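Asks: If you look up Swiss-Prot, you'll see TRP401, SER434, GLY458, SER459, THR460, GLY461, ALA462, GLY463, LYS464, THR465, GLN493 marked as ATP 1 binding site. Annotation comment: Swiss-Prot describes TYR1221, GLY1246, ARG1247, THR1248, GLY1249, SER1250, GLY1251, LYS1252, SER1253 as ATP 2 binding site. Residues or ranges marked as compositional bias 'Acidic residues' by Swiss-Prot: 1472-1482. Under the heading domain 'ABC transmembrane type-1 2', Swiss-Prot lists 860-1156. As annotated by Swiss-Prot, domain 'ABC transporter 2' applies to 1212-1445, with the evidence given as sequence analysis. The N-linked glycosylation site annotation in Swiss-Prot covers ASN895, ASN901. The feature phosphoserine is assigned by Swiss-Prot to SER549, SER660, SER670, SER686, SER700, SER712, SER737, SER768, SER796, SER814, SER1446. Annotation source Swiss-Prot lists phosphothreonine at THR717, citing similarity to another entry. Residues annotated as region 'Disordered' in Swiss-Prot: 1450-1482. Per Swiss-Prot, topological domain 'Extracellular' is recorded for 99-122, 217-222, 320-339, 881-919, 1118-1131, and the stated evidence type is similarity to another entry.
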Amino acid sequence: MQRSPLEKASVISKLFFSWTRPILRKGYRQRLELSDIYQIPSADSADNLSEKLEREWDRELASKKNPKLINALRRCFFWRFTFYGIILYLGEVTKAVQPLLLGRIIASYDPDNKVERSIAIYLAVGLCLLFVVRTLLLHPAIFGLHHIGMQMRIAMFSLIYKKTLKLSSRVLDKISIGQLVSLLSNNLNKFDEGLALAHFVWIAPLQVTLLMGLLWDLLQASAFSGLGVLIILACFQAGFGRMMMKYRDQRAGKINERLVITSEMIENIQSVKAYCWEEALEKMIENFRQSELRLTRKAAYVRYFNSSAFFFSGFFVVFLSVLPYALIKGIILRKIFTTISFCIVLRMAVTRQFPWAVQTWYDSLGAINKIQDFLQKQEYKSLEYNLTTTDVVMETVTAFWEERFGELFEKAKQNNNNRKISNVDNSLFFSNFSLLGTPVLKDINFKIERGQLLAVAGSTGAGKTSLLMMIMGELEPSEGKIKHSGRISFCSQFSWIMPGTIKENIIFGVCYDEYRYRSVIKACQLVEDISKFAEKDNTVLGEGGITLSGGQRARISLARAVYKDADLYLLDSPFGYLDVLTEKEIFESCVCKLMANKTRILVTSKMEHLKKADKILILHEGSSYFYGTFSELQNLRPDFSSKLMGYDSFDQFSAERRNSIITETLRRFSLEGDAAHSWNETKKQSFKQTGEFGEKRKNSILNPINSLRRISITQKTPLPMNGIDEDSGETLERRLSLVPDCEQGEGILPRSNLINTGPTLQRGRRQSVLNLMTHSSGNQGQNIHRRTTAFTRKMSLAPQANLVEMDIYSRRLSQDSGLEISEEINEEDLKECFLDDVESIPAVTTWNTYLRYITVHKRLIFVLIWCFVVFLIEVAASLVLLCLLSKVSPEDKGNTTKSANDSSAVIITSTSSFYFLYIYVGVADTFLALGLFRGLPLVHTLITVSKILHHKMLHSVLQAPMSTLNTLKAGGILNRFSKDIAILDDLLPLTIFDFIQLLLIVIGAVAVVSILKPYIFLATVPVIVAFVLLRAYFLHTSQQLKQLESEARSPIFTHLVTSLKGLWTLRAFGRQPYFEALFHKALNLHTANWFLYLSTLRWFQMRIEMIFVIFFIAVTFISILTTGEGEGTVGIILTLAMNIMSTLQWAVNSSIDVDSLMRSVSRVFKFVDIPTEENKPTKSIKLPKDGQLSKVMIIENQHVKKDDIWPSGGQMTVKDLTAKYIDGGNAILENISFSISPGQRVGLLGRTGSGKSTLLSAFLRLLNTKGEIQIDGVSWDSITLQEWRKAFGVIPQKVFIFSGTFRKNLDPYGQWSDQEIWKVADEVGLRSVIEQFPGKLDFVLVDGGYVLSHGHKQLMCLARSVLSKAKILLLDEPSAHLDPITYQIIRRTLKQAFADCTVILCEHRIEAMLECQRFLVIEENKVRQYDSIQRLLSEKSLFRQAISPSDRVKLFPHQNSGKHKSRSKITALKEETEEEVQDTRL
C-alpha cells in the first residue's frame, strides 16, 4: 500500500481535498488494484482507536455500578464532534440569509426604489460570497462527522471482537452468529451513515426559529400558515412511514421464507440435482416470490406518494403562506421570491433534516445500548492451574451446560395453553421429563499420569466432548475438582482450518522448528498430500480448507494439535473422516509413538484404540459407566458394547434422547413460533443449551460473507438480524439489512453498508455460536495469505528416516510466542486475499446493460415514452403560459406571482391578485396531477422487470452444470438473490424515476431561462458539459473504490465467523492476541478503502458546488447588467438559477446512484447468462428388445408413477470414464472401466482424496465427463439428464433437509399418498420419530431440520431413495458421525428394502464393507483393482492392509459359504451376531 499524500498535504489541499487527485487520475486511466490504495492515517488505525475506547470503557466499568458506553464514547470523541457541529450550523445559517439578499436584489429593480439600484452589484457580490462560505463550511464539516463516525465504528468493532473471544461458552450458546454479525453491521453501520445528520436535532429547530422570524417580518401572521402546512406534511409523511413499516414487516417474512429455501438450495445444489428436484424447488421459491412482490408493490406505491408529496409540497407552502397576505395587501414580487426561497429551506429542515436527525439518534442510542449489553456479558474464566503438576485428575466432577431445564418445559406448556394450540400431541410430553437441570456430566472421577493414554468412549450424547470442554475450562464444573498443568493442545471433532497456508495452519503461531514440523507432517500422513500441491505447504487454504478433502482437513487439524508442545493433548474423535488404513497408520505412528511421552485423552469408539489405551473411561448419559484398563473392562463389564452402543430396540432409546427432541420442539414450536430458526444441531448437549428465549427472538442468516462453495457467513439471512438484545422492540424493517431503508439508499453515494446483506444472508439463522463451533465441517474463510516473519530454524542431528521415533518435544523451544504479524500486508498478499472476490464487471455500467434492462419487458419502453410525453406537456404549458403573460404590461406592478411548482419552477407576472391566484392554482393543480401519477406506471413496470429477472436467474442457476457452479461462490450466488434483487425491487425503481424527473426538470428550466435571457444559455452549456465530464471522471474511480471497499468488507466478517468456529482451539492454544491483530489488519484494510472513498466523494461534491458558484456568479451579473426595468425578470432568472443548479447537482448525484445500482443488474445478467446443462439426448435412443420407446423415455419430473419403467435390473457398465470438476481442469478420474451385475453390492476403496465420492458424482453426470455408462443396456447419451438421474437413489455425505414439512422433504412433487409415505417411514425406522412431533407429516422442519439428529436425517435420505423406487443406490459415507442405533437401521433397511437393487457403497466402517461382494480400489485417480473379496484378501492389496486378522477370520466363513450359495442379493448376507458387533466396534 502506498503512503498517503494526506500526510504531507497543505491546509489548502486538505480543505479542498486536492490530495485525492493522484488516485482519481489513476482510477480514470486504469483499473485500480488494492496496491494503489493509500495507507490509513495512524489516528485511524484499529489498534489506536480500540486501545483508546477500551481504556475509557475499562474506566467506566471500574468507576460505576451501571457503566454507560456512551460516556466512554463521549470522552473519546465529544470535542471533535461538537466542533464540527458548530461549523455545520454556521454553514446552514448562510442558507437562511441568502433569501434576504435575493429579495433586496429584486427590490432594487422596483421602479419606485431606484435608490437601491446602485447597490445591486454589491448585493450580488454578497450573495455569491455566501455561496462560497457555505461551500467552505459544509463540506469539511460533513466529512469530519463522517470521519468521526468511521472512527467510532472501528473502535467498537474491535471492542466487540475482543469481547467475543472472551465470552463463556454458555453465553455463546444463547447468541446466534446472525446476531453477532448484525451487531457489527446493521447497528454499527448507523454511525457511518447517520452521524453527519445527528446535529440537525438541534440545528433544525434553531433554523426553523430563525426562518419563521424572518418570514414574520416579511408576511406577518400569514407566515404561520405555511409552517402549518409543513407540520401537516410531516405528519402525513409519518403516516406514510407507518404504512411502509406495516408492509415491510409483512414483506420481511416473505423475503425470509424465500431466502431460506434459496440459500438451502444453493448450499445443497448438488443434492438437488441428484434428486431431480429442480422444478419442485423452483416452483416453491416462485410462490414465495409472488407473495413477496404483492407487498413490494404496495410498499413502493406508498414510498412513491411519500416522495411525490415532498416534491410538490412547495406549491402548498408558498400558496398558503402568501394567500392571506395577498388578499389583504396585494402581491409584491420581492416578497414572493423571498418567500419561495425561505420555504425551500424551511421545508427541508422540517420534513427531512429534523426527522432524519431524530431517527439517527434513536438508532444510534439503540445500537449503543445493545453493544453495551453485549460488552457486559459473562466472560470465559480461565481455571487456576498448577504448572508443576504432571497428572490429570478429576474428583467427583458434575457440570451443566444449562440449568433449569424444567423451566423451559413449564414456560412452553403455558405458552401452548395461552395460544390454545389444539394440534399438540400429548404424547410429546414424556412423564420422565426432569423438572430440574440435567447435568451433562455427573460424578466423574479419574486420574491419569504423565505419558498415559486415556481413551474416552460412549454412545452419542454421552458427554465425551463436554468432558474435554471441562478440562479446557470452557465448561465450568458445578461440583468437584479438576487438576492439571494448564498447558493444553486440542484437536476438535470437526476440523477447523483458518485462512492461511498449510504450514501456518499447522504451526499456528508457535515458533517454527524444522525437525518437529517434518516429524509431525510425516506422522500425520500429510507428506504425500502436500507434495501434490504446486506450492507444497505454502499453498493457501481458503474457505476453511474447502479445496481439501475431509480427511485432509482432519489430518491438518490433528497436526496442529500435535505440533504444539503441551503437557496434555485432547483429541476429540480426530479420525472420523479417515479411511481405515490411514487411521491405523496415524494412530500407530502419531498417537502411540510420536506422542508416547505425552499425556493424551482420545475420544474414540474403536476397539483397537481401547486395547492400546492405558486407561479407559466409558460414559453413559453423562455418568461414568466404567473406568479402568481394557482387561478389567472385559472382566467387569462383558456387556459394555451392546449396552452402550444401543443395539437394543430403536424405539426404546434413552429418556435423555427423547428429552432432546422435546426441548428442541418446544424451542421451535412453542417459544419462537414461525420466526424460530436454527442450524443443524447434531450433538445432544446442544439441545441442553436453551438459554433465555424471548418471545420476540428473531434470528438471521449471514450476509454476505463470501464463500467458495459454502455460505458464511454471509449472508444466508432469511430472518431479520437483530442485535443481542432479545427483547428489542426494533422493527423488522430496521433490522433486515436485505430490505434497504427508503431514505438511506444502500449502495449509493452518501451511505455505505458494511456487509453484503441478504444473504448477506450468509448462514446462522438462530444457531448459537456454540453450535457453530461444534458443527464446523463447512468452515468458511477468505484466501487471506499472511506472510510470516523469519524464525530461527534449529538443525536436526537425527537421521531423517527415524524422525517419527524421536521425542520431538524433548528440545523445548525458547519461546512459544504467537506468530509475529507486525509487518505491513504487502501487495502480493492483498491480490491473493481478494482473488476470488474481484468481479469481472466494468468500472462504469455499459450502455449495453441499460439497453438490455429496458428491453427485458416491452412495456417499459412505452412507459418511458409516456413519462417523456407528460413532461413535454408540462414544459409546453409553462412556455405557453409564460408567453401569454409576458404580454401583460409590467406597469401593473404590485401583483406578481409564481406559476409553477417546484418541478417546473417557472415564475410569471399578472395584472391582479385574483387573476394571479386563479392561474397559479390552475397550473399547479394540473402539474400536481400529472406529476403524482406519471411515475406510478414506471415504478410498477420496473418491479415487474425485477420479477422477470429473478425468475430467469433462478432458472439459470438451477439448470446450470456443476462444472460452472463449482467456479462460483455460494455466498456470491446468494447475494444475487438477496442484495441485488432487493436493490432491483426497492432502490432502483424510485432512483431511476428521480433521475428522469430531475433531468427533465433541469432541461425544462434551462429552456425557460434561455427564452428569457439567451445570454444565460451560453453560460449554461459549458456548465452542463463540465458537470457531465466531472461525473465521468469521478465515476471511474468512485465505482472502483466502492468495489474495493466491498471486497475489503468481507474479510472482517469472515474472520469473525472463522474465529468463532475455532474459538475453542484459539483458547486452547492461547492465540487470541494473534487473531485480534489479524482482525485489526482486516479492519485497517477496509478503513483504507472506505476513507479514500469518503475523501474522493467529498472532492466530487465540492467541485460540483464550486461549478455552481461560478455559474451563479455569471448568471447573477449577466441578469443585473443586462436587465433594465422589471423586477419580475430578475426574480425569475435568479430563482431559476438557484433551482437549476441545485437540481442539476441532485440529478448528477442521482445519475451516479443509478450507475451504482445498475451494477446489480449487470451481476444479475451475468447469472442469467450461465450456460445450462445439456438435457437432451446426444445419441439416437436404443430401444429395448420389446421396441417400446416409453420404457426408455419419460417426461422430466413426471408426477405420475409408472410401474413398468427403466431400469428394471440395475446392471451397470462403465467404459473409459474420465471426469473433471471444471472445463479445462485436471482429470479427477481417468479411464475408469468396470461392470456391476444386477443386485450386486460394490464397495469403493481408496485413501482420502482418491476420488471415491467424485466417482459417485460422475455416475450422476454432475461433473464434466467423457466415456460411457450403460444401465440395463441404455447409454446415458441416449436419454435425458433428468431421467438418467432418476435411475439412482442417493444417500449423500452431506445430508439435505430443506425448510418444509416432513411430507415435502420426502415427496416434494406430491407423488405418493400418506399411506405409502407412512409405510416407507416404518421401513426405515422414521415412523416413531415423526410421530413425536405435532402435526406428524405436516410438522414444518426449519434450518436444515435442526430438531432431528444426524442419524434421523440420514434416514430421511434413505426414505427418499425407497420412495424413488430406484434400482441403483449410491451411498457416500452414510455412517460418518452416525450413532450406532441409526447405523443398524440403515444396515437393516439396505438388506430388506434394497434386496434386489444394485448398491455402490463408499464407507470407512469395516463391518459395512465386509458385506460387499466386489470392491473397486481407486488409487491416483485410476482403478487399481476390481475384484471379489476373496481375491483381494488373497493378495497384497489396500483392502488386505485395512482388515485386521480378526476381521479376516470372521470373513472367511462368509467366503466359504459364498462358494456354495449365490450372494448376489443383499438378503443373502449373513446377519452379524452381537458378539461380532462387540468385537468390531463400540
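Glycine is treated like the rest: Cβ placed from N, Cα and C.
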Asks: I'd like the per-state residue tally for the topological domain 'Extracellular' (217-222) from DSSP, helix first, then strand, then coil.
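Replies: With helix first, then strand, then coil, the topological domain 'Extracellular' (217-222) has 6 helix, 0 strand, 0 coil.
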Asks: Short question: which residues 6 or more past the ends of the topological domain 'Extracellular' (217-222) have a Cβ under 8 Å from it?
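Replies: That would be 103, 321-325, 335, 338-339, 342.
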Asks: Identify which of the binding-site residues LYS464, ARG1247 has its Cβ surrounded by the largest number of other Cβ atoms within 10 Å, counting every protein chain shown.
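Replies: Buried the deepest by this measure is LYS464.
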Asks: If I take the Cα of TYR1221 (ATP 2 binding site) as reference, which of the recorded positions ALA462, LYS464, GLN493, SER549 has the closest Cα?
Replies: SER549
Asks: Starting from GLY1249 (ATP 2 binding site), work out which of the binding-site residues listed here (TRP401, GLY458, ALA462, LYS464, GLN493) have their Cα within 10 Å, and give them in sequence order.
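Replies: Cα filter at 10 Å returns nothing.
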Asks: Could you find out if DSSP has SER1253 (ATP 2 binding site) as helix, strand or coil?
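Replies: Where SER1253 (ATP 2 binding site) sits, the three-state DSSP reduction gives helix.
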Asks: Among the binding-site residues listed here (TRP401, ALA462, ARG1247), which has the Cα closest to the Cα of SER549 (phosphoserine)?
Replies: ARG1247
Asks: Using a 10 Å cut-off on CB atoms, tell me which of the binding-site residues GLY458, GLY1249, GLY1251 is the least crowded.
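Replies: Comparing Cβ neighbours within 10 Å for the binding-site residues GLY458, GLY1249, GLY1251, GLY1249 has the fewest.
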Asks: Could you give the mean pLDDT over the topological domain 'Extracellular' (1118-1131), rounded to a whole number?
Replies: 68
Asks: Between the binding-site residues TRP401, TYR1221, where is the Cβ count within 10 Å the lowest?
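Replies: Relative to the other binding-site residues in TRP401, TYR1221, TYR1221 has the fewest Cβ atoms within 10 Å.
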Asks: Which secondary structure state does DSSP assign to LYS464 (ATP 1 binding site), in the simple three-class scheme?
Replies: helix
Asks: Please report the number of other Cβ atoms within 10 Å of the Cβ of SER549 (phosphoserine).
Replies: 20
Asks: Round to a whole number and give the Cα-to-Cα distance in Å for the pair SER1253 (ATP 2 binding site) and GLN493 (ATP 1 binding site).
Replies: 21
Asks: Considering Cα atoms only, can you say which of GLY458, LYS464, GLN493 is the nearest neighbour of ARG1247 (ATP 2 binding site) among these binding-site residues?
Replies: GLN493
Asks: Rounded to the nearest angstrom, how far is the Cα of GLY1251 (ATP 2 binding site) from the Cα of GLY458 (ATP 1 binding site)?
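Replies: Rounded to a whole number, the Cα-Cα distance is 32 Å.
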Asks: Taking just the CA atoms, what is the gap between ALA462 (ATP 1 binding site) and GLY1251 (ATP 2 binding site) in Å?
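Replies: If we compare the Cα positions of ALA462 (ATP 1 binding site) and GLY1251 (ATP 2 binding site), the gap is 34 Å.
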Asks: Any idea what the Cα distance is from TRP401 (ATP 1 binding site) over to GLY1251 (ATP 2 binding site), rounded to a whole Å?
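Replies: Given the Cα positions, TRP401 (ATP 1 binding site) is 40 Å from GLY1251 (ATP 2 binding site).
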Asks: How big is the gap, in Å, between the Cα of GLN493 (ATP 1 binding site) and that of GLY1251 (ATP 2 binding site), rounded to a whole number?
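Replies: Just about 23 Å between their Cα atoms.
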Asks: From the Cα of LYS464 (ATP 1 binding site) across to the Cα of GLY1251 (ATP 2 binding site), what is the distance in angstrom?
Replies: 32
Asks: What span in Å does the ATP 2 site cover, taken as the longest CA to CA distance among TYR1221, GLY1246, ARG1247, THR1248, GLY1249, SER1250, GLY1251, LYS1252, SER1253?
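Replies: Across TYR1221, GLY1246, ARG1247, THR1248, GLY1249, SER1250, GLY1251, LYS1252, SER1253, the widest Cα separation comes out at 19 Å.
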Asks: Would you count the other C-beta atoms found within 10 angstroms of the C-beta of ALA462 (ATP 1 binding site) for me?
Replies: 25
